[in-house]
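Before any comments, here is the structure.
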Amino acid sequence: MAGGGYVAQGRALNYEGGLTPFVIGSCMVASMGGLLFGYDFGISGGVNSMQQFLQKFFPTEFKAMNEVTVYENEYCKFDSQLLTLYISSLYLAALVACFFASMVTRKFGRKASMCSGGLAFLVGSILNGIAPSVEVLIIGRLLLGVGVGFANQSVPVYLSEMAPANIRGALNMGFQMAITIGILVAGLINFGTSKIQGGWGWRLSLALAAIPAIMMTTGSLFLPDTPNSVLERGDDKIEKAKATLIKIRGTKNIDRELHDIFEASEAAKKVEHQWRNIIKPKYRPQLVLCIAIPFFQQLTGINVIMFYASVLFKTLGFGDEACFMSAVITGIVNVLATLVSVVTVDKFGRRALLLEGGIQMFVSQIAVGALIAWKFGFNGEGNLSKSDANALLFLICAYVAAFAWSWGPLGWLVPSEICPLEIRSAGQAINVSVNMLFTIFISQAFLALLCYMKFGLFFFFAGFVFIMTIFIQFFLPETKNVPIEKMNRVWKAHWFWGKYMPDDSVIGGSNNDQV
């Protein structure tokens, strides 16, 4: 199969120990970082549809939206660059913060980075809840972005390093599961607070972001740092790393795994400038994937579908209550489909889920675009019958489900597991920054694109889904069950990437492990 380079996992299967309650607990606590991103993601889209919020902070946009007549172009109903700029400010802050987070993660550990992110998010949520002016609101949102940047940079790496190789996919997906749960909970809260009389429901929605922030901050204080991170910060800490590894694997027979981690950490210490190193030819596969995967993940269009779900459904003719409920339904589908990926990722592998998800997303988006074109045409005048609305909701749910068991969790898992220790922090920072950069672009441009491209916007996203599915087929090797310390063997065995990998880049083990 093209692109399906495979490396035997004999060495990985010789590691002693396995899944322990301590690992499960640690990964569950660390995954709370996903709640930060998910909750804000779900809350913001709904709050931006609440009239009291818009009336207080964006009165011009509120007035324009309420002046829309039944004859106006439905595609352009909510086009507001100021409102989308406010939304995008979080992702801009996260983009900048992830570079600082990469230094904190490497110098002070994954745990320190998670705690810092939780604190920033906590302060931001308080400011948003009490905001008397749009200036305070934006400052709070920027702090939320700092929290998201630190959490998204450190949590996937922490999960990948803590998990045994044979179930690394399932445990790492706890991060995406937390994101989807955060989105769902936010949708339910918005559904409730939108009914509160007196115009303060939006404050409650925004302030409740403090709860996942407190969970993340306090929980991270009790987490151990990963053995990889401990050794990366000094040879004198080998006993501490050994004690941690014994605790998380549940056995004292950890010499083989400790040796591999130590060998990787020694290679990492020789690299003084990881940002200079990551552009070297031998790291070309990791660099390309750390850029391409988040780029493609955003060009699926998922963020605008989930973030603007309430606005999108309202734009297409759903009533106020129906649009909030539809967003809740897509949130439930998101959580359930992510559970599917947790169960299947280490059985069927990363490639199978990405390829199937890509095909399903492509078909769903073509169908959504065709339905909207049929009902609204080019002039944006039309309406949806109840059966049409149900069909649209079904197609969007099919699309969300496909994303949730493929590009959603794997967009975070794959970049966090493919980089060797010496460039892991830089690789994850690139992954997060590219993700946030294109989130900014898509979030800022979505309503304008919907206005000008009309139903063609969904065909636009479908085209990128087609391209990225072809990319996965040819350029992503299978990484299931491969210890992250041995990941270079995967690239060396690949039909295309192998030519960039020098022989000395494959450390530890014997060449007999390669097939």
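Yeah, the Cβs are placed from backbone N, Cα and C, and that goes for glycine too.
Under the heading transmembrane segment, TrEMBL lists 19-39 (among others).
Taken from TrEMBL, the feature domain 'Major facilitator superfamily (MFS) profile' applies to 26-480.
Summarising the annotation, TrEMBL assigns transmembrane segment to 83-105 (among others).
Annotation source TrEMBL lists transmembrane segment at 112-131 (among others). Counting only same-chain residues 6+ beyond the ends of the transmembrane segment (112-131), those with a CB under 8 A from a CB of the stretch are 30, 33, 36, 57, 97, 101, 104-105, 137, 139-151, 153-155, 158, 203-204, 206-210, 212-214, 216-218, 220-221, 223.
Among residues of the same chain six or more beyond the transmembrane segment (171-192), those with a C-beta under 8 A of the stretch's C-beta atoms are 23-24, 27-28, 30-43, 46-47, 50, 155-156, 159-160, 162-163, 201, 204-205, 208, 212, 306, 309-310, 324-325, 327-328, 331-332, 334-335, 338-339, 341-342, 345, 404, 408-409, 412-413, 416-417. Annotation comment: TrEMBL describes 171-192 (among others) as transmembrane segment.
Look at TrEMBL and you will find 204-223 (among others) tagged as transmembrane segment.
Taken from TrEMBL, the feature transmembrane segment covers 287-312 (among others).
Summarising the annotation, TrEMBL assigns transmembrane segment to 324-345 (among others). If one looks beyond the transmembrane segment (324-345) by at least 6 residues along the same chain, the residues whose Cβ comes under 8 Å of a Cβ in the stretch are 42, 45-46, 49, 169-170, 173-174, 176-177, 180-181, 183-184, 186-188, 190-191, 194, 305-306, 309-310, 313, 318, 353, 393, 396-397, 400-406, 408-410, 413, 480.
Residues 74-75, 300-301, 316, 383-384, 388, 391-392, 395-396, 398-399, 401-403, 405-407, 454-459, 461-462, 465-466, 468-469, 472 of the same chain lie 6 or more positions beyond the ends of the transmembrane segment (357-377) yet place their CB under 8 Å from a CB of it. For 357-377 (among others), the entry in TrEMBL reads transmembrane segment.
For the transmembrane segment (389-408), the residues of the chain that approach it from at least six positions outside its boundaries are 176, 179-180, 296-297, 300, 302, 305-306, 316-318, 322, 326, 329-330, 333-338, 340-341, 344, 353-354, 356-358, 360-361, 364-365, 367-368, 371-372, 468, judged by C-beta separation under 8 angstroms. Positions annotated as transmembrane segment by TrEMBL: 389-408 (among others).
The transmembrane segment annotation in TrEMBL covers 429-449 (among others).
Taken from TrEMBL, the feature transmembrane segment applies to 455-476 (among others).
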Beyond the flanks of the transmembrane segment (204-223) by 6 or more, those residues with Cβ under 8 Å of it: 26, 29-30, 32-33, 35-36, 39-40, 43, 46-47, 50, 111, 114-115, 117-119, 121-122, 124-126, 128-131, 140, 144, 147, 151, 158, 182, 186, 189-190, 193, 196
Local confidence of the domain 'Major facilitator superfamily (MFS) profile' (26-480) - pLDDT mean: 86
Within-chain partners of the transmembrane segment (429-449) [C-beta distance under 8 Å, separation at least 6 from its ends]: 78-81, 84-85, 87-88, 91-92, 94-95, 98-99, 101-102, 149, 152-153, 278, 287, 290-291, 293-295, 297-299, 301, 303-304, 307-308, 311, 411-412, 415-416, 457, 460
